[in-house]
Amino acid sequence: MPALAEAPPAAALAAATAVPADAARARPDAVPENAPEHCPGIDAPTAGTSSACQGCANQSICATTPKGPDPDLPRIQARMQGVRNKILVMSGKGGVGKSTFTTMLGRACAGQAKQTAIMDLDICGPSIPLILGLSSHSVHASASGWQPAFVSEHLCAMSIGFLLPSTSSAVIWRGPKKNALIKQFLLDVDWTGGLADDFPAEGSNASAPNLDYMLIDTPPGTSDEHLSIVSLLAPTGLSGAILLTTPQEVSLQDVRKEISFCRKVNLPILGVVENMAGFVCPSCHGNSDVFYPSTGGAKALCEELDLKFLGSVPLDPRIGKCCDLGEDFVYEHPESPAAQAYVDIIRKVQEMCP
Ligand code: SF4
């Protein structure tokens, strides 16, 4: 985005969040949950004006939102054709280790010389910069676009955290602003930072991917960010989603909603990871269930819903410490049961997404 070339972060953020007239459209679940029975769908030409819309709480929004396919989709498709695997990391609840898992997967892929990018879509609570040790990084813009922050030669990340004036700054945005930023992440970030040939020019037939993995860390739940990224990336081919949960029923209930969302929007589920499954004492190596799997945990859920169970990762206090320090837990403590569990899960993911 050339106009941002000399822009300071605050100006870049303002530009990123300018809401275009066509923002927030082309969502995959075209019928909101609060819509009346005969809702024509929010993308329908008659949305907001049909007889079924009379009295609907969404009428004014639907009547004024532009209809039809998002005009940015072809550009996004062209930009993303250089990405081999696009993987969403999702969870029903917050605090189950989603960002931690995303960074472990990213570091592992990059460690095998796979060009890997992490896109942090947790707009209201970005934690990728801290976990990757990039808290002090800010976004630089050049003629080729926004430069992501590089952890190593093969691993980079982009997060709204790089655009905020401080780590305590709150982001209080509605859907259209989030949608606009997500589009900018897809369209304006120079994801390879010039290390590899950049994305193929629009309309080119280049077949070699320039990014092996794009890992997308999403906020908990199923909200605007999920709808936007799925609707924008689905035409480019999404590899699928990895769902994270903890063993107790309160978390499993929420992951069921996530599964329902994925099935509703035709997003393949690569598998389920059970995090915080027991605590292995670093001293005596004794194991105890901190989050008791009263209904059988994630494995039983996967058997019930015919999903792939990727594995269980035990709690280890050193994981949190490594995240706070921006260190690679698997590299620092390869002998730990948690690190070995992560390695096994990551191997399964890579087998599905080579
Ligand atoms: S206004 Fe009409 S199109 Fe929009 S959600 Fe309501 S019923 Fe559906």
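Cβ coordinates are placed from backbone N, Cα and C, and glycine is handled just like the others.
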The annotated region 'Disordered' range in TrEMBL, which must be one of 24-43, 84-103, 244-263: 24-43
Of C56, G92, K93, G94, C284, binding-site residues neighbouring ligand 1, Cβ under 6 A: C56
Fewest Cβ neighbours within 10 Å, where candidates are the binding-site residues K93, K98: K93
Top Cα neighbour of V96 (ATP binding site) in the set of binding-site residues C39, C53, C56, C281, C284: C281
Pairwise CA distance, K93 (ATP binding site) versus C56 ([4Fe-4S] cluster 1 binding site), rounded so that it is a whole Å: 30
